[in-house]
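According to TrEMBL, the feature active site maps to ARG295. Sequence annotations record features per position, and here TrEMBL assigns Zn(2+) binding site to GLN110, HIS112, GLU137, HIS276. Look at TrEMBL and you will find 6-154 tagged as domain 'Phosphomannose isomerase type I catalytic'. Taken from TrEMBL, the feature domain 'Phosphomannose isomerase type I helical insertion' applies to 170-257. Marked as domain 'Phosphomannose isomerase type I C-terminal' by TrEMBL: 337-381.
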Amino acid sequence: MAGPRVFPLSCVVQQYAWGKKGSNSEVARLLASSDPLAQISEDKPYAELWMGAHPRGDAKIFDNHVSQKTLGQWIAENQDCLGSKVKVAFKGKLPFLFKVLSVETALSIQAHPNKELAEKLHFQAPQHYPDANHKPEMAIALTSFQGLCGFRPVEEILTFLKKVPEFQLLIGDDAATQLRQSVRSDPQMVTSALRSCFSHLMKSEKKAVAEQLNVLVKRISQQVSAGNNMDDICGELLLRLHQQYPGDIGCFAIYFLNLLILKPGEAMFLEASVPHAYLEGDCVECMACSDNTVRAGLTPKFIDVPTLCDMLNYTPTPSKDRLFPPSHSQEDPYLSIYDPPVPDFTVMKMEVPSSVTEYKVSVLDSASILLVVKGTVTASSPTAQAAIPLQRGGVLFVGANESVTLKHTASQDLVLFRACCLL
């Protein structure tokens, strides 16, 4: 194919209200590093950086040698750049959206439908579920990143039922007793009891929820003021969520869902039907191209409690099992691979020491997008008109089967993330 197939991108910043403001945001910091002329406003939220061809945030090609079009427009005219298998499997479209997120305010108790349910929801309520695709996601921490993911072991939930009477009251004695008795039963009884408890909570009357939250918040606040540690009932987190979303049922979800605090480089994979929420921190995220999210709390957006309660995977798992560790390449000592069990995307992390002056990016039969989070390099390719300078915050599109060589231009280690599709 004629013309460059490796070029820099100018990506889309989304200023959602839940994002970190100004230079507190990793999104803003990356933007400022990559573009010295960028004006960062300290009173505006910089929530997400979108790197891809999504219709609501299509990146622009930042290379006049290539095109002044968006990435989506260019791919539509150059579908071979996707790779032979990707082009066929995803009907000529980039199957993933790559992002950086900077979260200040909790981001909804939610789950995503599988393809079958997505098709059904889209048919029934296209105004709320705008497409028929699934939306698996992966979050990889850039800073300390706090989130909820999957149901806790039942023993932990039972402990909270004892220690938090306000939680027990909303669930009700019958459902709580069923959960206690299920511990001695088979896994199917456990998931059934967990479904009953969670549904009772999420379908509670708003007035009752607000009353019990106020009682709990007052109790925790008094204990904290007296110098007592309330970590055993996630006191600090409960107070923070209640401050962000007063009276919201989602505040109680912390007693059902695993609390994960990811260190930089640690990841969680959010497959279909797994309840989750992002609470605070900065991460790289990759997801299938979809806008289908079923929400039930900690959000001003449309809430669909019946659908969420019906669709969830109620299998309890320890928090350590919700971590998604990368594999390490046998051929490349600097490469880690986060390869989830879905076809839509894979994320690679490259950590190249400054002592390695030249690094060859692995050739893939897939279009990919590279993000520089640390370091300064030039990228060269047989199809590029000239070497492309890249620094922290720089984003590069690489067409399928393209060879790219990175050369250090500063004595600093290099850290990159790369989204691709490995079929």
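Each Cβ is built from the backbone N, Cα and C atoms, and glycine gets one as well.
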Tell me the residue counts in helix, strand and coil for the domain 'Phosphomannose isomerase type I catalytic' (6-154), as DSSP assigns them.
40 helix, 49 strand, 60 coil
For the residue listed as 'active site', the one of GLN110, HIS112, GLU137, HIS276 that lies nearest, given that the binding-site residues are compared by Cα:
GLN110
Under 8 Å by Cβ from HIS112 (Zn(2+) binding site), same chain, sequence gap 6 or more:
HIS134, LYS135, PRO136, GLU137, LEU270, ALA272, SER273, SER290, ASN292, THR293, VAL294
Please work out the helix, strand and coil residue numbers for the domain 'Phosphomannose isomerase type I C-terminal' (337-381) from the DSSP assignment.
0 helix, 25 strand, 20 coil
Are there residues of the same chain, six or more positions away from GLN110 (Zn(2+) binding site), whose CB falls under 8 angstroms from its CB, and which are they?
PRO275, HIS276, ALA277, THR293, VAL294, ARG295, ALA296, THR299, LEU308
List the residues in the vicinity of the Zn(2+) site, defined as same-chain residues other than GLN110, HIS112, GLU137, HIS276 with C-beta within 8 angstroms of the site's C-beta centre.
ALA111, LYS135, LEU270, VAL274, PRO275, THR293
Of the residues in the domain 'Phosphomannose isomerase type I helical insertion' (170-257), how many are helix, strand and coil by DSSP?
68 helix, 1 strand, 19 coil
Model confidence over the domain 'Phosphomannose isomerase type I helical insertion' (170-257) (mean pLDDT, whole number):
96
